[in-house]
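These notes concern the structure reproduced below.
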Amino acid sequence: MQVRKGAATCYTLLYTQGTPDKRDSRYDANSQFASLRYSGSKCVMRDQMDYVTFDTPKLEGKADKKNQRRCCCWFWRRCCRERELRSRTIVIGQHSPEKFPANVIRNQKYNFITFLPLVLFQQFKFFLNLYFLVMATSQFIPDIRIGYLYTYWGPLSFVLTVTIFREAVDDFRRYQRDKEVNSQRYRRLVRGKDSELVPSSKLRVGDLVVVEKDQRVPADLVLLRTTERSGACFVRTDQLDGETDWKLRLAVPATQKLDSDSQLFDIKAALFVEKPQRDIHSFIGTFTRVREAMCVIEVSASVWPSELVGYEWHCVIQILPCWQHDGYGSEDSLDVENTLWANCVVASGVALGVVVYTGSETRSVMNNSQPRSKVGLLDMEINQLTKVLFVAVLGLAIIMMCLKGFSGPWYRYMFRFVLLFSYIIPISLRVNLDMGKAFYSWSMQRDKEIAGTVVRSTTIPEELGRISYLLSDKTGTLTQNEMVFKKLHLGTVSFSTETFDEVLFRKSLFEFKTSFCLSGLVTTGVHLTLQVSSHLTTAFTQQAQVESVGPSPTHKVRRSEVTRVLEAVKALALCHNVTPVYEEQEIEESHSPGSGSLESQTEADQHYWQQKQESCVYQASSPDEVALVRWTEEVSLPLVRRDLVNMHLRTPSGQILSFTILQIFPFTSETKRMGIILKVGGLNWDQLEHEINSLVLVTETLLCLQEDQSGDITFYLKGADVVMSGIVQYNDWLEEECGNMAREGLRTLVVAKKSLTEEQYLEFETRYNAARMSVSDRVAQVAAVVESLEREMELLCVTGVEDRLQDRVRPTLELLRNAGIKIWMLTGDKLETATCIAKSSRLVSRTQGLHVFKAVVTRTDAHLELNTFRKKQDCALVISGDSLEVCLQYYQHEFLELACGCPAVVCCRCSPTQKAEVVRLIQRHTGKRTAAVGDGGNDVSMIQAADAGIGIAGREGHQASLAADFSIPQFSHLARLLLVHGRRSYKRSASLSQFVIHRGLIITTMQAVFSSVFYFSSVALYQGFLMVGYATVYTMFPVFSLVLDKDVSGKIALTYPELYKELSKGRSLSFKTFLMWVLISIYQGGVIMYGALVLFEDEFIHIVAISFTSLILTELIMVALTVRTWHIIMVMAELFSLALYILSLVVLKDYFDAEFIQTTDFLWKVLIITLVSCLPLYILKFLRKKFSPPSYSKLS
């Protein structure tokens, strides 16, 4: 037995022949080779070699049956059981010896082995196909054969071939899309080399992978190093959790401090990580920097055989490292901040991580459901109708046998009658429907008004016409995920974007040192241009007075307003968690020759005081903060550098203002606010005072900067108006202005400040540190200390930020709402953000109320909150994922009853699994058809669970688009996709299926009449080619041309979306319409058959000629009566089929009497029978259209 040797030199043998206790799992060799010499065995251990060899002699005897059964059970468990998820230890720089799933993304439904069995199962689970399989198989029995084999096996084989080919093409496209994603190349570090490029599918647990900026993370990683000196890295997780905020990730400190990447292979370190979990917001792991102590040899057999005597045994052993601390390293805990989950995108710098989970064990895949084969509601309804028809066939056959008598081989006659009447269930129904689906899909992709639409599943286009619930993602679906600063309100004056262009040119007049008070005012753009002109005029006309006389009382009033603008802009520039990154410097350093280290200093780290033409990108966990800081840059107060302890601003003159960060209180969903305590420093006051002596507002500028000179400490706070209103000093405008901005769809933030003395801050810091060191109830104590500081703060301003909506989102949502579709927004974003977008997108109309479901934890809380919501009328619901989970656990039926009655529902903080579960709950509770639309990887589960999954191919990736049934380039295309193409697909398929059933019913009625007249004989009325040609060449083209029919134009369908409401009721194909077609078929079949029998001549062939010709003409006329909008192809199909049949009358002399069909008797008899069968139906249709027209006809 051979074992691969690791890096260790000491070994522990788990099991050897001759051990006193064979089940003793530890027998320490500890490099003492003599202790491994056992009686009857030989052990050779060679230090510093690649392999260690153990030799055991062959023992006499054989294993008993018990051990054989044990081996068989082990093999069965190994091959068939579900893989057990377990924690793991990963050595940095080494591959894990354990086997883990391959790192591949797989959206395929089948593989090479399962393709044919699964496709056939999916087809024969339909009663229609199973019935015809039995009928076709019965034709191999000579006693009950009633025709040629091809009349049964031909149509069935065609249906199966078309289906198998379509499924193969669809799955092959999925394979190609998966292959494209799995082939994306990444840089992997290799011992002794710089790096190598490998596809993501080749990555294994333990690999060291480099992820560049804007590159997708290929697997779940623990972050080891970044290009930032601090080890920070921002990632975008919108493909994972739907949140637009950038997330801050931190590298492991011990590896970030290394000089180069190659040193990762030299250090002795290991990671312990928890077993794979679904939760994307938590992670438990440890990092240990250690020295190697010994190795353990483990035997892989899970059960030791008790009977070893008498046979030769083999086992596989594995060498694992055991570790001890090396004195300079310690065990550090790892959490979610040290991870990069698969499908995240690195937003800043370059990241280096070690792979910990791959393939099916990654967080993103575990939160996605397996793709399923979707079956349309129309297909299920037709399947039910075929069962009814089968019962009718059995009933008709039993009636015939009762009339004939159960004498002789009655069961044989009985089965022959079933075969004769089997045309009542036409196999051509599946052929026509499948071809129709393909045509609908082709029409959608060819529509120029929704260019870029791709139909990935051609089996369910009719589902688009019966949608009752639309579940939509927010980020990237309804919004563009672009934040734009729109409004700044100071209480007495409002700043907005309307006059930016008019005042930006004036900024050059104010390029003086540190007078950014006035500069900020001008470049902001006051809403009224007259006010800006007044400020400029006053400033310049009073220059002489300022120099000679000094400031007057009017100047103090001006100073107050200007100072408020300064304080507001400065607060926005300082109160945030934004970090600037200079792209050009970062790229240059990452490509510079050197040791290969991932460390680099950005331009802001080294030369932020120099004026260089470099693009600055702001990184933050909130796009709102980025929008605000970007706006402060536009008004000449940019943030130029930030690290963990300092922050630097640049004034319009280029002077650098330095601030020391004393404390940061991050934003949480509980506090709904963010705060920062800063101390001013780093301003050269003497130089500044010398330079501003010649400026206009000397006194005002001195007053603005006096705080900076004294080095006072300032506490800035910003947050939601609901919490800030109780923190700021009394005012009479905050609530009103916040309401106005909210109605405009803006996301509001209230900004305040508080000046602290040195003594006040030191006293606060003492209490804060004591609370942070508390062992019990730490969170509450820290919150209490911070809240003691948040009292009577000075209100500075209110900001309004807009999350830009996708093009034409509002009119699209209005169209869908008028069409009777209830819209639910399921998002992983915060409650405040989701509520704001619901208002701005008009998902919740202005006339509707909005009920925010309070956070509930217990059953009692959920009961009380549900009672509160039950009292609301015509009110939209906003609920978080945690509260939703509680309600569904205790009051699922009651909650769904209330939620489904709401005009709109917003579910925020939803995980991908929750989104899919909500879809399934709606389906089960209402029985209605659902559609899900999204653009991110976190929407895949929801899309696959819905009856119709629609993916948007956006800039955030194509994962949702690839997994969806339908792919569109933008949300606004959804209206035409549903209201026009969905309507047409459903209406056309309903007409097509009923007409094909009518075609089978009418010939079955004729067969029943024929058999009853001719002594209940089980003889076919039409033989051979006539039966095959009836359903194919003679009637196929006109019947299939119904896929071109349309009741209303696309323009009318979009102008009057209310027409769509009728489709969800399923009236186009119901038991009522089915019975109407049954009655029509019985009437027409009876008229044709009895008419032919009454008018036939001496020979039987005349009955065939008269009845079959009348039948073909009746079918062509019925198609014409069914058509609502004629198309040139329909006319051509009718004429072509008629010409084919006339040609057949001449060619098929075995079926028709050539002399008889040329006589006038044949013509008038056929015309009379056809007229009697069709004229009453035309009269009924005319009267119905005259006195009870359908709704769409009034609009046409």
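Heads up, the Cβ atoms here are built off N, Cα and C, so glycines get one too.
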146-165, 886-905 - the range that TrEMBL marks as transmembrane segment: 146-165
Rounded distance in angstrom between the Cα atoms of Asp935 (Mg(2+) binding site) and Arg909 (ATP binding site): 17
Residue numbers, six or more beyond the limits of the transmembrane segment (146-165), whose CB comes under 8 Å of its CB atoms: 116, 119-120, 123, 129, 132-133, 135-136, 139-140, 416, 419-420, 427-428, 430-431, 434-435, 1018, 1020, 1023-1024, 1027-1028, 1031
Per-region confidence, the domain 'P-type ATPase N-terminal' (96-153) (mean pLDDT, whole number): 82
Residues from the same chain, set at least six apart from the ends of the transmembrane segment (1128-1147), whose C-beta lies under 8 A from its own: 1029, 1033-1038, 1040-1041, 1044-1045, 1105, 1109, 1112, 1116, 1119-1120, 1154, 1157
Whole-number Å value for how far Thr475 (ATP binding site) lies from Asp939 (Mg(2+) binding site) (Cα to Cα): 11
Which of Asp473, Phe667, Gly828, Asn938, Asp939, all recorded positions, has a Cβ with the fewest other Cβ atoms inside 10 Å: Phe667
Asp473 (active site, 4-aspartylphosphate intermediate) and Gly828 (ATP binding site), distance between Cα atoms, whole Å: 9
For ATP, whose listed binding residues are Asp473, Lys474, Thr475, Glu625, Phe667, Lys718, Arg747, Thr827, Gly828, Asp829, Arg909, Lys915, Asn938, Asp939, the greatest C-alpha pairwise distance in Å: 32
Asp473 (active site, 4-aspartylphosphate intermediate) versus Phe667 (ATP binding site) - Cα distance in angstrom: 24
Inter-residue Cα distance where the pair is Asp473 (active site, 4-aspartylphosphate intermediate) and Arg909 (ATP binding site), in Å: 12
